[in-house]
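Colleague: Pasting in a structure now, in structure tokens, and then I'll have a few things to ask.
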Amino acid sequence: MAVNGIPPAPPGPPSLPAHPDPATDAILDSGLLHELSHAFGGPFHFLLPHRFDANLAALRAALDEAGVDGRVYYAKKANKAAVWVERCAARGAGVDVAAPGELREALGHGVRGEDLVVTGPAKSDELLRAAALHGALTTVDSLGELDRLLTGARTRSGALRPARLLLRRLPPAQPESRFGMDGAEIEEALGRCVRAGDAIRMEGFSFHLSGYATRPRADLAGHLVDLCLKARAMGLRADRISIGGGLAVDYTAAADWHAFLAAQRPAHYHARKSFAAGDFYPYHSPVAGAAALRAVLDAVPEGGRESLAARLRGTGTRLLAEPGRALLDRAGSSVFRVQGVKDRAGYAILTVDGTSLSLSEQWFGSEYLPDPALVTPAGRALGQGAHPACVGGATCLESDLLTWRKIPFPARPAVGDLLVYPNTAGYQMDSNESSFHDLPLPPKIVIEAAGGRGTGGGRPRWRLDRHLAR
Ligand SMILES: *Cc1c(COP(=O)(O)O)cnc(C)c1O
């Protein structure tokens, strides 16, 4: 309502704080990040491997509690750092790879071939051969790929071990998916597997669903168990199923997320850019990570009478899961230095020392929403936001914004301050990275928990991940 003829100020752009994370805050408050920004002279990512370990342990606990014989494979495409694969090797977890380079990386950092699952459509003969030679489990996406795998297995025959495979099911509920085989193709594939005899070992079925809902995963898993029983009756081994990835990550509190979605509109973005609620990743998920796996196991698959867990136990079927994002939850952040600040009507445009290619969400017509922390040389800026600013990259492209949104910062950002985007290890850091403009790729810094073993009391210790710009 207008008071004395002055219309009320429209509410400012909404914030979207990430869940509180004291371990990350301790790093932001330690002074280490300014030191690293100075040392590397550009943006960088930091990685927290103890978080990966904790996420893996939580997923395994969910399998154990359900009494299910299960195995976790880290979906490597979610982040290229070596440290995750090293953690998998150290903790006996598997790795899901989909390209020859990923397979080499996994083997090279100590994961055994038999602990790999090889996914992806129409895999190259090179990848199929390497998978078979190393005893990896290959998910077969089509009849044509099955034939190529069988041909390779026959020509290698003799003393070598049989090629291990799963057949990937096209999700009946997502018939538009370009992945997997429909019911008739699965039927045909089973016949070909039987005829291939000892050249192969048909170990079961797999799927990977879009979206994050747990019920469709339980339903399709139930269907795959039925397929296993059918395959066993034909003399095939078929003792395991893979439910792929897609365990949600919960970045923000429910109230913050719903308030954000209700408030956000084009005026809150640079250049009045507009996003529909459905353009965003669901940054709040009431059921996420290990709880999502538990929900899948507890659900009664469509048409059945017992939980998926009971069905797996009762049929002696092993469950494989291939989470990427969920294993990386809160396991890393991305740090950019403010290089310029300019004013526009009602907000500032920050330019940082990196690009949106190091915060990938932008390249899917979307935006990474959890608020970045503003870290000044004197420490974190805290309090109520009153200084809106969008964040541009150090390139000559109008479209290169890390954040179009006018983030309400608690203080006016200044040159030399750092912006720390939280929880970016899952897909944000490197899936789209590029040395566009001859800018170097941001290095990845592994930080051990402050106060952890060998960290010298309260001071966090760091080292480079083995990956440098390549
Ligand atoms: C991408 C992918 C995953 C991992 O998905 P997340 O959503 O990161 O858990 C697992 N399996 C397959 C086959 C994939 O393509």
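Even glycines carry a Cβ here, placed using N, Cα and C.
So TrEMBL has the following annotated:
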type     : residues : note
REGION   : 1-23     : region 'Disordered'
COMPBIAS : 7-20     : compositional bias 'Pro residues'
DOMAIN   : 65-259   : domain 'Orn/DAP/Arg decarboxylase 2 N-terminal'
MOD_RES  : Lys77    : N6-(pyridoxal phosphate)lysine
ACT_SITE : Cys396   : active site, proton donor
REGION   : 450-470  : region 'Disordered'
Colleague: For the domain 'Orn/DAP/Arg decarboxylase 2 N-terminal' (65-259), what's the mean pLDDT in this predicted model?
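Modeller: Mean pLDDT, the domain 'Orn/DAP/Arg decarboxylase 2 N-terminal' (65-259): 96.
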Colleague: Given the recorded positions Lys77, Cys396, which one has the fewest other C-beta atoms within 10 angstroms of its C-beta?
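Modeller: The recorded positions Lys77, Cys396 were compared, and Cys396 has the fewest Cβ atoms within 10 Å.
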Colleague: Need the DSSP three-state call for the residue listed as 'N6-(pyridoxal phosphate)lysine' to compare against my parser.
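Modeller: The three-state answer is helix.
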Colleague: Which whole-number value in Å describes the distance between the Cα atoms of Cys396 (active site, proton donor) and Lys77 (N6-(pyridoxal phosphate)lysine)?
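Modeller: Computed Cα spacing between Cys396 (active site, proton donor) and Lys77 (N6-(pyridoxal phosphate)lysine) is 29 Å.
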